[in-house]
Amino acid sequence: MTDCKKRQSARAGKHRSCTKMEDRLIENQTVFYSKAEHYWKEVSPTVDGMLGGYGSISSIDINGSKKFLQKFLGEGPGKTGTGCALDCGAGIGRITKRLLLPLFRTVDLVDVTQEFLDKARTYLGEEAKRVENYFCCGLQDFQPQPERYDVIWIQWVIGHLTDDHLVEFLRRCRSGLRPDGLIVVKDNVAYEGVILDDVDSSVCRDLNVLHRLVARAGLNIICEEQQKNFPEEIYQVHTIALR
């Protein structure tokens, strides 16, 4: 996944010119996943590479995510703890470095591209000592440890999962949460239907489709916001908190 195994990657710059298709037309899942893995292996292990050439939006992205996440963190009834977070589709650790490590005691990373995880060990610098695990795995196969995480952060990577695998992954994430834990999905949102990007082998879903998949996973949306101040030529990006 690209982050999803990596793919993580935040493919912030997914343009509107992709061909529209229904997710059900992904007939060969093996090809769908292997093509994505190959794509990300050719991407530079840099912030600009992780963001599809839109490295300039990284600070805007992080600041928006931090403002969103801090509403839920703290002590008291219903508040989410700050012990351990999971960065899904972590890439070189851009989100881990700038969002998660400043807020959590420890962080785990999961990505499908080993080169990105290797780069993360140096990119994170001295703070890498607070990363406990680097998992090289596609999200369609990844199993979070039960009740380990206060927050599971999933950004720019769900498009590398088929509908069924996304539902199953979200269910596994739910079991990986500590009490009052939180799953956060931040991703591109299509205007209508499902858009297939054959270049990186991913899909972009509209909000109605995404909401249905969340419901199938047995999760509730407790907050949803649109990221502001991104370039007009890329898809809208929404951040959704789930429990």
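Just so it is clear, glycine is given a Cβ too, placed from its N, Cα and C backbone atoms.
Model, not experiment: these values are computed from the prediction.
The feature S-adenosyl-L-methionine binding site is assigned by TrEMBL to G89, R94, D111, V112, T113, L139, Q140, Q155.
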### Residue among binding-site residues T113, Q140 with least C-beta crowding, 10 angstrom cut-off
Q140
### Query
Counting across all protein chains shown, how many other Cβ atoms sit within 10 Å of the Cβ of G89 (S-adenosyl-L-methionine binding site)?
36
### Query
What whole-number distance in angstrom separates the two most remote CA atoms of the S-adenosyl-L-methionine-binding residues G89, R94, D111, V112, T113, L139, Q140, Q155?
22
